[in-house]
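Here's the structure we're looking at; comments come further down.
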Amino acid sequence: MNTTVSNQTPRIRIFDTTLRDGEQSPGCSMTPQQKLVMARALDELGVDIIETGFPASSHSDREAVAMMGRELRRPTLAVLSRCLQADIETSAKALETAANPRLHVFLSTSPLHREHKLRMSREQVLESVHRHVTLARGYVDDVEFSAEDATRTEEDFLAEVTRVAIAAGATTINLPDTVGFTTPEEIRGMFSRLIASVEGADKVIFSAHCHNDLGLAVANSLAAIEGGARQVECTINGIGERAGNCALEEITMALKVRGAFYNIDSAINTPRIVSTSQLLQRLVGMPVQRNKAVVGGNAFAHESGIHQHGMLRHRGTYEIMRPEDVGWESSQMVLGRHSGRAAVEQRLRALGYLLEEEEVKLVFEQFKALCEKQRVVTDADLQALMQDATVQEGYRLASMTISDVGSRANALVELSDPEGNRVAETAQGNGPVDALFGALASATGVKLELDSYQVHSVGIGADARGEASLSVRHDGVEYEGTGTSKDIIEASALAWLDVANRLLRQRERGVVAGKTAAVA
């Protein structure tokens, strides 16, 4: 099938909201340093706009935005803000370091939200949109306005809101399917009619932001493009609130593979898709399912004999894109004690990590120390080192002792808390892991309900390390964590702390972040 497009192919803008909407997915919070690591990868991936966070919600988000602004000079950096003067002022200040700043302001427009959430009339909504978009435009030249719950808004009112936002200075109009309610035919028509009828529509970019509650986020985003949208808001691996968002890897590869049909492309550097996906999985502890399109472990696997026979004859029989087009590799580079710093840095770059000079130095020292304990260092080992290097906040394991007490196990753990103080606790359990988790719960004050726990090896042969993976619940919300060590009990402790620290960071951010709109 011909997938080529002409040299004059129009380009879609990719607005990545992994660090804002994606991070609102339960259990997916990141430290400012982790956000910076992810933002570097998104920059290398070629996204046009990176939504960095919601500065009014926490100091952590403000710090992350400032860090990204000082370092990333190519992409547009956007921050989310409610239609509140204080929010907009805080967001504008957070963007002071950015080379290409964008203020993204939003307000609900649907009758359901107007009546029950905002308690505002149509006229009050229009006045608020005009006042706050005007205020935002006074700080930056690039202002995006989102009509939250647009797909459940009366179309005549949505047109009026859009007209007012454009007149007030908005440069991008986002029409979110906030609860994943619409269908491709409906959203295509909505975009087409509004772009054709609203005064000033030809002077702005229209954007789609689709949620996946009915599994239609990518299909709806493609339909919005057919209707005239020229920006798509998406996340790596489709993470996000509830069932998630439009997946960046799926929408961009759909446009690339079906280029002759859509006649529109993106600037995404597709061979970096898999490494970026895997980087996010490690940072937030949320693996993708094996049959996930594009980035899942089975995306290019063929077990059927008929399929294998066809692939041997011609790979195009059962593959519509090449694994290497999205960054899958057929071989793994193995590093060891004779490997130099340049080789380690190159491999980390291939895995999606872009590091400063001091960060490379620190990780290389850890790499050399690891080489003293084992012959070879694999990709999984490097990813584990990076996970340790980027998690700078929260409790750290200082020491632990496991012993038998009759038929039960006793665990003594000593942790270093976020302020550098030491805290020690003991607990008994039916086995070493049960006792360990009890002691960790006492030391941190975090109670987790264990759903599943497994340990497997990473690395090669006798040098392999144990990776513990666990799934837990806290207040009814599921979290996943991973930890890696030569000692599987220590790996289990690190996996437990991975979840606990993420949960504690969410608590510190407070309830404001939870109220940020689903705006998206």
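Each residue, glycine too, has its Cβ placed from N, Cα and C.
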Seminar exercise, completed: For the Mn(2+) site that Swiss-Prot gives as His209, His211, Asn245, the extra residue out of Asp21, Asp417, Asp434 is Asp21
Exercise. Using DSSP, how many residues of the region 'Regulatory domain' (396-520) fall into helix, strand and coil, respectively?
Worked result: 41 helix, 56 strand, 28 coil
Exercise. Can you tell which of His209, His211 has the most other C-beta atoms within 10 Å, given these are the binding-site residues?
Worked result: His209
Seminar exercise, completed: For the binding-site residues listed (Asp21, Asn245), most other Cβ atoms within 10 Å of the Cβ sits at Asn245
